[in-house]
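S.K.: Please see the structure below; I have some questions.
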Amino acid sequence: MTDTVFSNSSNRWMYPSDRPLQSNDKEQLQAGWSVHPGGQPDRQRKQEELTDEEKEIINRVIARAEKMEEMEQERIGRLVDRLENMRKNVAGDGVNRCILCGEQLGMLGSACVVCEDCKKNVCTKCGVETNNRLHSVWLCKICIEQREVWKRSGAWFFKGFPKQVLPQPMPIKKTKPQQPVSEPAAPEQPAPEPKHPARAPARGDSEDRRGPGQKTGPDPASAPGRGNYGPPVRRASEARMSSSSRDSESWDHSGGAGDSSRSPAGLRRANSVQASRPAPGSVQSPAPPQPGQPGTPGGSRPGPGPAGRFPDQKPEVAPSDPGTTAPPREERTGGVGGYPAVGAREDRMSHPSGPYSQASAAAPQPAAARQPPPPEEEEEEANSYDSDEATTLGALEFSLLYDQDNSSLQCTIIKAKGLKPMDSNGLADPYVKLHLLPGASKSNKLRTKTLRNTRNPIWNETLVYHGITDEDMQRKTLRISVCDEDKFGHNEFIGETRFSLKKLKPNQRKNFNICLERVIPMKRAGTTGSARGMALYEEEQVERVGDIEERGKILVSLMYSTQQGGLIVGIIRCVHLAAMDANGYSDPFVKLWLKPDMGKKAKHKTQIKKKTLNPEFNEEFFYDIKHSDLAKKSLDISVWDYDIGKSNDYIGGCQLGISAKGERLKHWYECLKNKDKKIERWHQLQNENHVSSD
């Protein structure tokens, strides 16, 4: 294809010269019709380089493309990790026992089916029957998950199973979309020094010493056709992935092919497959340098290019590969097989791509310069990106009611609709769990039952938080999460929604139908998640809320019975207790002590509730004491965690009496004032001074 400018011709289309063809002109004949270069803008003819602003725009696009590839690699890594976890958690041998759950198979056990892929025996619960063939085919859940990974990672197309590298990397190059170049041995226009030395290596001194009349080959490190933009940058992972496709085609002739690949930055995403695979046609190895062509950068002998035929015309750009006679043209346009470069700027392009019969795309050589990594904040935001989040997560319908008289919050989970499929069969095993923020823990976690194999579950369950005060309603937020239960691995998060309880009016039920949002459970900077709406993961403020460590609450009832002549103390329940055992729970019980000491009859304790942070006791204790003496007494209530073989752990306590303050004093005073009336109050447990449990 000719690059010569015919300023004295009015015809926009031209055919290559029909003079007797030389050996080097066969390529030109194959080029066919071409755009007349006289239609180029004046700026391109003058070879003006890109401005700093344009280079910055290109840099940002390239950096974003590279970051998206890294995020895609991490997404595939998560899929592979899930598959590996399923393989590690197998419980059977696949012969006499189910390969997944380990259940006995055969006459005395469950029905047995054989997986079509791995040929292992599985039970019907762990196998899935597919009906896409004439006869039924059974697959185990591991093989179904493996097929899912192949489908979602693109491995089915590339015939490879990506694990640690990108499935199909894009060669990231710090180049601008430039003009295709013609045959070598054309005079080169001197170009100014590059303004970004970190992206382009220094040019040799030989170029500066050349006279205006000399016609020399280009320096391999320089790229005038790029507008002095830097050489391509290639990551190690990309080089590994594309090594198999370039084993049979080496462009490294005498070190002069380091610049043979020039894809426009705008096409890296769209042409990822074409840019890294050879053309379907025959691959031609380039011929060694001809005697009439420059073989070294310092050569000054002109070749029989277009400039030799038209000495009065100036070529537009200099040749780029002095060691090759036919530089690959598919790479210059970002496509394969002569497809034009879509999306490249027209004022930077002078000709369409070369013919399909040219040599296939070659991978660029590694460059010395590399773009600096993005800032840490951008890296953190990139890690939170999930390319699967384009699909909707579903909607959840629920209602809330704050019962102010009973200090309880009722959350009725009604149903969900259109949940994101999480299993290989296109369904999910959803359940809903609730947390109160700040201070989310097992103590304030409630959950519904799990519904199997559905994306539109209907629960109609009411979950109740006891001991919710007006103060809690002002500062607490309810987090409602929908998860998928996984029998063999970790439960997977589907989506969530949050509601600030201060917006809820007492004793008025409020209904909601809200779309779920995706939230990564980690503390993030405010700027990173500012676009996530009400599902922005709030800072856990356990340490900030009054600097008080929450130990839990206890519901106590007091009544002085004139008929029995004594005080009746009721221990009803505790909520949100602190976890004291390694399993995240406690084995709580409650001790009562009426002070000053009245002997053994002054001490009582409840039964022990195993492995719970929200125990329900419903026990009453009687103290035989006169009403006149009760005002001088104080009731010490303490909650303990029972341990075997060592001393019990103190969880928290409170003291009711004349010397108490706030709600504790008010509760004791109302008991003395209102005889034969049971008065219930919630009290906050505190880590007060206490004696050892007996």
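The backbone N, Cα and C atoms fix where each Cβ goes, glycine too.
Summarising the annotation, Swiss-Prot assigns Zn(2+) 1 binding site to CYS98, CYS101, CYS123, CYS126 and lists sequence analysis as the type of evidence. Per Swiss-Prot, the feature Zn(2+) 2 binding site maps to CYS115, CYS118, CYS140, CYS143; the stated evidence is sequence analysis. Residues annotated as Ca(2+) 1 binding site in Swiss-Prot, with similarity to another entry given as evidence: MET422, ASP423, ASP484, ASP486, GLU492. Summarising the annotation, Swiss-Prot assigns Ca(2+) 2 binding site to ASP423, ASP429, ASP484, GLU485, ASP486 and lists similarity to another entry as the type of evidence. Taken from Swiss-Prot, the feature Ca(2+) 3 binding site applies to GLU539, ASP581, ASP587, ASP641, TYR642, ASP643, supported by similarity to another entry. Per Swiss-Prot, Ca(2+) 4 binding site is recorded for ASP581, ASP641, ASP643, ASP649. Taken from Swiss-Prot, the feature compositional bias 'Polar residues' covers 1-12. Swiss-Prot lists 177-186, 352-370 with the feature compositional bias 'Low complexity'. According to Swiss-Prot, the compositional bias 'Basic and acidic residues' annotation covers 202-211. The domain 'RabBD' annotation in Swiss-Prot covers 44-160. What Swiss-Prot lists as domain 'C2 2' is 550-683, and the listing cites sequence analysis. The annotation phosphoserine is assigned in Swiss-Prot to SER272, SER692, SER693 on the grounds of similarity to another entry. The region 'Disordered' annotation in Swiss-Prot covers 1-51, 166-388.
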S.K.: With Cβ-Cβ distance below 8 Å and at least 6 positions apart along the chain, what are the contacts of ASP641 (Ca(2+) 3 binding site)? List them in sequence order.
M.R.: MET580, ASP581, SER586, ASP587, PRO588, ASN648, ASP649, TYR650, ILE651
S.K.: Other than its own, how many Cβ atoms are within 10 Å of the Cβ belonging to TYR642 (Ca(2+) 3 binding site)?
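M.R.: The answer is 16 other Cβ atoms.
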S.K.: What three-state class does DSSP give CYS143 (Zn(2+) 2 binding site)?
M.R.: helix
S.K.: For the C-alpha pair, I'd like the distance in angstrom between ASP643 (Ca(2+) 3 binding site) and GLU485 (Ca(2+) 2 binding site), rounded off.
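M.R.: Pair distance, Cα basis, whole Å: 32 Å.
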S.K.: Under DSSP, the domain 'RabBD' (44-160) has how many residues in helix, strand and coil?
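M.R.: The composition, in the requested order, is 56 helix, 18 strand, 43 coil.
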S.K.: Which residue, out of the binding-site residues CYS98, CYS126, MET422, shows the minimum number of other Cβ atoms inside 10 Å of its Cβ in this structure?
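M.R.: Among the binding-site residues CYS98, CYS126, MET422, the lowest count of other Cβ atoms within 10 Å belongs to MET422.
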S.K.: Three states by DSSP: which one describes MET422 (Ca(2+) 1 binding site)?
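M.R.: It is coil.
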S.K.: Let me make sure I understand the structure: which of the binding-site residues listed (CYS101, CYS115, CYS118, CYS123, CYS143) has the fewest other Cβ atoms within 10 A of its Cβ?
M.R.: CYS118
S.K.: About how far apart, in whole Å, are the alpha carbons (Cα) of CYS123 (Zn(2+) 1 binding site) and CYS140 (Zn(2+) 2 binding site)?
M.R.: 9
S.K.: Suppose we draw a 10 Å sphere around the Cβ of ASP423 (Ca(2+) 1 binding site). How many other Cβ atoms does it contain, all chains included?
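M.R.: Step by step: centre on the Cβ of ASP423 (Ca(2+) 1 binding site), count other Cβ atoms within 10 Å, giving 19.
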S.K.: What mean pLDDT score does the domain 'C2 2' (550-683) have in the model?
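M.R.: PLDDT averaged over the stretch: 89.
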S.K.: Can you tell which of the binding-site residues (ASP484, ASP581, ASP649) has the fewest other C-beta atoms within 10 angstroms of its C-beta?
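M.R.: Selected from the binding-site residues ASP484, ASP581, ASP649 on minimum Cβ neighbours within 10 Å: ASP581.
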